[in-house]
Amino acid sequence: DGRMPLTPLVSWAQRHEEIYLRVELTDAQVTQGHGAKGQNEYEFSLEFLLPVKSEVSHRSTQRHVNITLQKEQRGWWERLTRQERKPVFLAPDFDRWLDESDAEMEIREKEEKKNKLKSQRHEEKGFVSLTTGMLFVYNLVQFLGFSWIFVNMTVRLFIFGRDSLYDTFHTISEVMFFCQILAAVEVLNAAFGVVRTGVIPTLIQVVGRNFILFIIFGSVEEMHNQPVVFFVFYLWSAIEIFRYPFYMLGCFNTEWKTLTWLRYTIWIPLYPLGVVAEAVAVIQSIPIFDETKLFSIPLPKAVGASISFSYVLHVYLVLMFLGLFINFRHLHKQRKRRFRTKKRKAN
C-alpha cells in the first residue's frame, strides 16, 4: 500500500567519543534504523554535524531501539545535526544527558576508579610477595640452624662416641636457644593468619620446648651434662630438618613428593620419642629442684616453708602427655587430609 513511512520519536545524548540514539519503537525488528510495527514502516534520517564511524551497534528492548555510534574524532558537539533547526522528532535523552564538563568528570572518575583498583591490586601483590619473602627467609634461617645442630651432633657422635652425649649442652645450646626463641614467630604467624595452621598446637609445641630448654636444662647447672640433653636436642632437630625445607618450597607453591611424605610421616615415631625424652629430663630434674630450692614458691612466715618447684613439674608431666595427645591428633588429622586430597586429585 502507498502509505508514507512514519517517523519515530528519537532522543539523543553524547559523550566525547560516542553518540547515543534512542528510537521509540515497540517490538521492532531493526535493520539500521528501520523498524516495523504491523503495517507501518518507520524511518528517519539524520545528517550529523560531523562524521561518524560506519560501525553501528544497536540493541532492541520491548519499547526502544538503542543505537550507539562512534564519533570519527573525539570531541564535543554543540548539536547533533548539521542544520541548526533541530528536526521535530528529535529530543534530548534526559536519562543519558550530560553537559561537557559533567562528561569530563565522568571520564576522570572512571580513570580514577581504574587506577585505584590497579594500585590496590599492586599493593596486595606487593604485600603478598613481601610476606612470602619474609616467610621464606624465616624458614631458611630455621632450617640452617637446625641442620647445623643435627649435623654437628651426628659428627660429634661419630668422633667422640659416648663422650659426646655429656657435653651436648655446652656445644649446641646457644644455637638451640636462638632457634627456639625464633620459633615463637610461628605462633604469631598462626595467630595473624600468615600461615594456615592452628594456634593452639603451635603454642603447645613452642611453649613446651622452651620450658624444657630454658627452665629444665638452662637454669639447672647439674642438667647440663646429662645424656638426656643429647636425645632431646637430636629428636627435635631431626623433625625440623624436614619441616622447614617443606615450608620453604611451600613459599613457591612447589613440593617435592619425598619431602612432603617425610614431613607428614617422620613425626609419628620422632614426636612421641621426643616427649618421652623431655619427660625423662623433667623427672631427672625433680630431685635437683627439691635440693636447690630453685624457683620454689615461698609461703607466709607462719607456715615457715615453701612449696618446691617440683610440684609444678609433676603437674607439668601430666600436661606434657595431654599436649602430646592434642598435637598428635592434630598432626594425624593434617596428615590424613594431606594424603586423602592427593589421592583424590590423582584419580
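From the backbone N, Cα and C atoms, a Cβ is placed for every residue, glycine too.
Per TrEMBL, these features apply:
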DOMAIN    5-81  domain 'CS'
TRANSMEM  126-151  transmembrane segment
TRANSMEM  171-192  transmembrane segment
TRANSMEM  199-220  transmembrane segment
TRANSMEM  226-246  transmembrane segment
TRANSMEM  266-289  transmembrane segment
TRANSMEM  309-328  transmembrane segment
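When Cβ-Cβ distances under 8 Å to the transmembrane segment (226-246) are tallied for each of 171-192, 199-220, 266-289, the top count falls to 266-289.
Here the domain 'CS' (5-81) has, by DSSP, the following mix of helix, strand and coil residues: 0 helix, 40 strand, 37 coil. Sequence-distant neighbours of the transmembrane segment (171-192) (same chain, 6+ residues past either end, Cβ-Cβ under 8 Å): 135, 138, 141-142, 145-146, 148-149, 152-153, 156, 198-199, 202-203, 206, 209-210, 213-214, 217-218, 233, 236, 240. For the transmembrane segment (266-289), the residues of the chain that approach it from at least six positions outside its boundaries are 208, 212, 216-217, 220, 222-223, 226, 228-229, 231-232, 235-236, 238-239, 242, 295-296, 308-310, 313-314, 316-317, 320-321, 323-324, 327-328, 331, judged by C-beta separation under 8 angstroms. Across the domain 'CS' (5-81), the prediction's mean pLDDT works out to 82.
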